[in-house]
Every structure is written in C-alpha cells, then in structure tokens.
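Engineer: Here TrEMBL flags 1-20 as signal peptide. Annotation source TrEMBL lists domain 'Peptidase A1' at 102-461. Positions annotated as active site by TrEMBL: 120, 338.
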C-alpha cells in the first residue's frame, strides 16, 4: 500500500498539470431521459440465478449501510497533501458500497470518453477511475485519460466542493484539491478532485426519435488509487442529497426512475430535469399514484428517508410497533429508499415477525440446507416441483408496506422468488444487521418512483417500465 501511495503522489502532480480552462458549473436547465442497464444484463442467466447474485451483493450492501448508520470509519492522509486531514462538518467517514445494481452510460471530457457509471442514491461523490493509475479495479471501458481532454481542470483547494468532501487535502505547490472517499464495504478511491464536461445521451420517450446529447460541467473525483469493488462499472454517480452529488450540483429538484425486472430484457429509465415532473402523465390506467413525505437526518444527510408505519401480510397488519421503523435523533434507525440494494432489509426482530406471519399462512416448512445467499426460503410441495409448467406458483399471502399517507401493495414477483429447480419459495427480504430498514430495488421494479425535492415527497405508481 505504501508503494501505491508514493505512486499516487507522482500521479496527482501529473494530473494537476494536465489541464486547461473549463466552464464554470451552472444549474441544469434541460431534460434528460437516460437508459439504465442492470449489472448482470446480457449474461443469459435465469431469474433465480440473477436474484441469487443480487442477494449476495445485498448482503455486502447491508453491512455497508449498517456501517454508515453506526458512523464507523477513520480519517486518512494523502501523500503530498496538507499536513492535517480535513473533514467536512457533520460528515460521516464512510458511504455504502460499490456493489450496486444499475449502470448508466455517459461520456466525460472534450472530446468525450465513454464511462459506465453505477447509479447510487445512497452516496454523493461522482467519480471514475483515471489514467495513469497506480491501482485500479477491472472495468468494462478504457480508463478516463484527463491528459487527452481539453476541458479537464483540477479544482483548487479553496473550491467549495473540495471543502464538501469528507476527507480532502491540498497538493502543494499546485494548489490542487485531493480527496479520499471510503465506502462501507472497503471500496476506496483516492485522487484529484476536478471539473469536467459530462455528456448524457437523452432518448425520446419510448426510445424513438433518436438521442439528444446533453452536456454539463460537473465536479468529480479522478481516481488514481482505487481498491474494492466496482461491479461492472468504471465509477459511481452519486444521487444523494449532499452537495457533491449530481442532483445537488445541477440543482435538480425532481428525478425519477422506472426499474425493469432483472430478467425482462428491457432497459430501465432514469429521468431528471423538468421531464421528471410529468413522469405520471403517460401512466394512466397503470394504477393510482401514491405520495409519502421524505424525511432527512442531519447525521446521515445523504439518504432519502421515508416513514414506514407498518406491514401487512395476507390482509392482516402485523403487531410491529411504529417505533421499530422510527428515525432516531442520533441518525440510527429509520427507513431509506435505495436504488443500490436489491433486497428489502429489516431489523432482525421485524424480519422475524414478517417471516412468522408468512410461515403461519403458507403452512410450509423452512427449506433444508438454505445458505445466507438464499435468504428466507420454504420447501414447496412435491406436486408443485413436478409441475410441467414453470409458471406454476404456490399461493402466497399479499404483502403491503404502509407508509405515511400511502400503501404499497406489492406484486408477488417483487417479494417472492419461485425457484422450481431447487424446490423452494424464497422471500426477497433480509436482515439489515442493525436497527435501520432499507426499501430495495426489487420492491420498486415496474414502479414509477419520483423523488420531488421541492415538496420533499416520494411518489410511486405501478407501471410497465
């Protein structure tokens, strides 16, 4: 690691010199509709296989989210940076992990260089791996080369966004902002913080009419030492609430996504700008739009919290106190909505109550030999296993999540996995590892989900994404 840090010092000096002037960042005034692809897209895997892979990632993500909520982490130094590490006021030292689920294709620089970035509503920093690189993870695209871009410019140490980075430093004598950003799963990126032009291919509704290129200046991390996990991505685009995120830098007040089932073969869609405000205009007949308030935590300001008031299984609301989901003044507890976690995560006591209700109504035994990667699974009747049609299904009680002012009545496939080959029926739920809860992306599939930061609300409606 020491050799990597020495190499980084040399690379930071080189990167800070490889620049020209770039336009100042400004508020985003356009409309963008971009396609999202799942990290396992094109791998010819069955739905059970895709979900089992996502379950393994969710286990890592759950541990990372727990680390953030418990505020574990430590400050580190950069070689050649200022003598004291700087930490933004109130910032936690870690963020959730790089084991994310959806990728957005974009380009960086002038001329544009292709980057496949992971979408993360649970973190803020925008960053990609850069050349030259002392330590980089495997990625699908060539490394971004700042020396080949006419619009790359390292940020100065006094730049406002530099001071918003939880751990930042100053490279002398070039007056260049350096950063270190830690994720809860151990993924870490170090490098130069800079400004650059980001280009998005914005497609017309339904994919017709061709693509329009939308180009905007953004602050981002140009990582020269990167370790951990970038699951089929080149970097991460943070969509959290803090100043470093794409949402904050472009003053986006509304954004929306519609996530397709993993095995559908259809691409998901992300909208931001004024397009997102009318996201339900073409959803007539899909189902009612429901809205619940968004909450904030000063201790974990990145996350999008909602107030979950209860859970129903089979038409009966479970005897779980609302306090089990409450966001506490110290930042513990609470319920976040997260695009990067597949499974929905509950504290152990809540999960046990939900599983107890399903088992009582299903009247099925737990499956033998289940591993942590399988989640909560029941053994299904032999007659079902011998069914000729893969569409044969065991009747499962309906599950409803009750939010303040809204009820999310889940489609069966959003919380159940039918694994015919292994003779199991599994719930797409898991232990959060702490007293917090997470609404994962499987629950959100074939839903239009709108984050409205003007009204501080989250809206959702069923749709064929």
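Just so it is clear, glycine is given a Cβ too, placed from its N, Cα and C backbone atoms.
Any TrEMBL annotation is an automated prediction that lacks curation.
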Engineer: Summarise the model confidence on the domain 'Peptidase A1' (102-461) as a single mean pLDDT, whole number.
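Structural biologist: Summing pLDDT over the domain 'Peptidase A1' (102-461) and dividing by its length gives 89.
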Engineer: Any idea what the Cα distance is from residue 120 (active site) over to residue 338 (active site), rounded to a whole Å?
Structural biologist: 8
Engineer: Let me know how many other Cβ atoms fall within 10 Å of the Cβ of residue 338 (active site).
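Structural biologist: Here the count is 24.
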